[in-house]
Each structure stands twice: as C-alpha cells, then as structure tokens.
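All remarks here apply to the structure that follows.
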C-alpha cells in the first residue's frame with residue numbers, strides 16, 4: 001500500500017486582506033458622507049441664522065390680591081406680553097400657549113390660554129391675558145411672605161409661558177417644540 005498524500009491548505013496571500021480593504025473603504029466613505037452632511041448643515045445654518053423669539057413683559061396690573069385664612073389666595077392680574085420674531089427667513093407658529101403667574105416658584109393663578117397665532121419674519125405680537133385664581137391653595141410659608149410683601153408695597157411675581165411652537169422656512173414646517181418663557185419682576 002502506498003501512503004496517502006497529506007492534504008495541504010491553499011492560502012492565497014492576495015485574498016487574505018480583502019475584507020480589510022473593503023472595511024477601510026466603507027469607513028472612508030462614511031467619514032466623507034458625514035463631512036459633507038456637516039458642511040451642508042453649517043451652510044443652511046449660516047443662511048438662516050436662526051434666533052429665538054424675544055419676549056418682553058410690558059405691563060402688569062394687579063386688580064385683586066387677597067390672602068384668606070387657611071392659606072388660600074384670590075388674585076386677578078392683567079399682563080401685557082410683547083413677542084418679537086427676530087428671524088429674517090423663519091416664521092413661528094404658536095400652536096398652544098398658556099400663561100400663569102407664580103410667586104416663589106409656586107403657581108398662584110390658573111393657566112390662561114392664548115389663541116394660536118402665526119408670527120412672520122421680523123413680526124411682533126402683543127398679548128394681554130388676564131390671569132386669575134379664586135381660592136388657590138398656597139404653601140403656609142408663602143402666606144407669610146405675601147403679608148410681608150403687601151405691607152412693604154412690593155410684590156415679586158414671575159410670569160411664565162408654556163406651550164408648543166413650530167417653525168416655518170418657505171414651505172417646510174418643522175415638528176413641534178416646547179417653549180418655556182419666564183420673566184420675573186417686582187411690582
């Protein structure tokens with residue numbers, strides 16, 4: 001009997017690193033794609049120059065502000081809010097806006113809704129909601145602070161706006177974003 005020949009593995013050196021070359025090409029392609037996308041985003045941002053709308057609290061009139069025994073507050077406050085869209089090419093849709101007053105981080109009036117509105121390029125809106133609350137429960141330490149502030153004649157209120165907005169560029173309309181505005185003043 002003749003001896004069986006041993007099997008030898010055939011190894012091609014030029015096929016050995018083929019998968020590494022493909023992986024390297026895919027990584028380079030992904031890096032080039034990401035770089036092009038980054039340049040495109042920066043280019044669009046440079047053209048649009050997006051800015052947040054500016055909100056100014058123009059006037060506050062306190063009609064009623066009474067604290068009754070066991071920590072209940074009845075108030076009626078008229079506010080005038082000025083809003084300006086500072087963008088040249090971006091419009092703002094205010095889909096839902098709620099305004100309320102707070103004292104030392106505690107809400108003291110019920111939310112007052114502002115009707116939906118569109119604010120065009122470099123446009124302004126003025127809203128004048130009346131914020132009120134009848135027998136709103138407040139923390140005991142705030143009841144003491146209310147009394148002290150009323151005795152001095154000054155009241156530090158915070159007017160807050162909370163809602164949803166969308167942005168419009170030509171015909172493109174963005175998804176909804178959360179809007180939160182906080183303005184503090186002494187009255």
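Using N, Cα and C of the backbone, Cβ positions are placed for all residues, glycine too.
Where the annotation comes from TrEMBL, it is an automatic prediction and has not been curated.
Copied over from TrEMBL:
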TRANSMEM  26-48  transmembrane segment
TRANSMEM  60-82  transmembrane segment
DOMAIN    83-176  domain 'Late embryogenesis abundant protein LEA-2 subgroup'
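For the transmembrane segment (60-82), same-chain residues at least 6 beyond its ends with a Cβ under 8 Å from one of its own Cβ atoms are 99, 101, 108-109, 124-140, 142-143, 146-147, 150, 155, 157, 159, 161, 185, 187.
Helix, strand and coil counts from DSSP across the domain 'Late embryogenesis abundant protein LEA-2 subgroup' (83-176) read 13 helix, 51 strand, 30 coil. Averaged over the domain 'Late embryogenesis abundant protein LEA-2 subgroup' (83-176), the predicted model has a pLDDT of 88.
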